[in-house]
Amino acid sequence: MNANIENSIEAKVEEVHLSFRESLVVLAVVSIVCLASNWAGTGINPIKALPAMLIIYGMIFVGLLLTKYVRIGFPAVAWVSLISVLLTIPVSPVSAAILSELKNLNFLSIVTPVLAYAAMAITKMEVDLFKRSGFKIAVISILVFTGTYVGSALVANALL
Amino acid sequence: MKTQSTAIGLLLNWRLHLIVIIVSVLSEWIGIQSIPVANAKLLFLPLFYSFILCLFVNPNITKFSNKIINKKNASIAAPIIVIAILPFIAKFGTLIGPALPKIAQAGSAMVFQELGNLGTMLIAMPIAVLVFKMRREAIGATYSIAREPNIALISDRYGLKSSEGIGVMGVYVMGTMFGTIYFAILAGFLATTGWFDPRALAMACGVGSGSMTAACSGSLATAFPTMKDELLAFAGASNLLTNATGLYVAIFIALPFSEWFYKKLSGEATSKMNKGAN
């Protein structure tokens, strides 16, 4: 295939990795964005939702620390998820307190900005790839997504 | 791992964040809408609007947006996504925690639906090979849902410049661009048909990336408001499991099977036919 695509794929793979400090700074900005989105979506003002956001920030902070120092191939998402699950299981002493604060943060409202960033991040290479072999790949992709989703749902449905 | 340091100034570029804030607030104001289709409904969530609105101000897509934000400043959004998804993941965890006893009851369904992913290949591979006459790109494109771990595996086995690499990158790009929205629409639609247990649909939401899981289970929660917490918990737990086991399913089951299946379909005699791209 075209050498152009190949080069740009390589460029794409060489992604920018944020350092620990940079991650924390970005996280602070993203938290502000989330508070604004949450405000627009739920009417809960940022001051009321701030404790919830700080709890989230704390969980992620610990998650990023663990990702940095405990190198067992666990990605940050897995650490963060593990921490928040463990803190809120029924036997956890802080579970009730965390849950009552986090009610102020709507789960869909904090995804809205993520998709906005995702759309901004689409690169020239991705647009080109789409234009060039868009149709075939689009059809195959839809089949892949549908097959995976329906396959999993069928198995789960049969075993529930 | 290469750590390419980025100037903090670039990360804090106010234009990018301001665009995201404006677009998110607008999208949240529009709120959840639905269109009836036959007996089911198509759900539209604020996250769709924010994605679509931002496509219009992406300087790689529309010309006029170069005046609003340049390509360099827009490209910094890529590493930001990785961080921006974390608050959502943390919130997700707090839905899984309290529901853990319930999730444990669904144990076998939860574990085995991971294998449902293999359904991908059974449908997509024959179409790719027999209808579109794709060569070994078909393996990369259809062996998995093409998220980051799957790309890593293909890059490790074949290299990203190979036909398999091009296949996996193609589906990855599609997933990044439209996968999230497609999953949300699909889940929302299937939810209203009544063919599946809502919890099964929720578990299936976990097959892809974090943002796919979010959008997909968000649709379901909107379709079944009374089961909201339970559904979000199931989807989150399933995604956690996918993160933990997905790569192993890919290495030991999906990729070997797709190699075998490809050979059957294409009648290819030797396993190494390079440069089969055209």
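Positions of Cβ are set from backbone N, Cα and C atoms, glycine also.
Remember, TrEMBL labels are computer predictions, not curated facts.
What TrEMBL says about this one:
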type	residues	note
TRANSMEM	B:12-30	transmembrane segment
TRANSMEM	B:42-61	transmembrane segment
TRANSMEM	B:73-90	transmembrane segment
TRANSMEM	B:110-132	transmembrane segment
TRANSMEM	B:166-189	transmembrane segment
TRANSMEM	B:201-224	transmembrane segment
TRANSMEM	B:231-255	transmembrane segment
Using a Cβ cut-off under 8 Å, which residues of the same chain at least 6 positions beyond either end of the transmembrane segment (B:42-61) come close to it? 19-20, 23-24, 26-28, 30-36, 68-71, 74, 180-181, 184-185, 188-189, 214-215, 218-219, 222-223
Sequence-distant residues near the transmembrane segment (B:12-30) by C-beta distance (under 8 Å, 6 or more away from its ends) are 46-50, 53-54, 57, 68-69, 73-74, 76-77, 80
Which residues of the same chain, at least 6 past either end of the transmembrane segment (B:231-255), have a Cβ under 8 Å from a Cβ in it? 92-93, 95-96, 98-100, 102-103, 106, 110-111, 113-115, 117-118, 121, 139, 143-144, 147, 149-150, 152-153, 157, 198-199, 201-208, 210, 213, 216-217, 220-221, 224
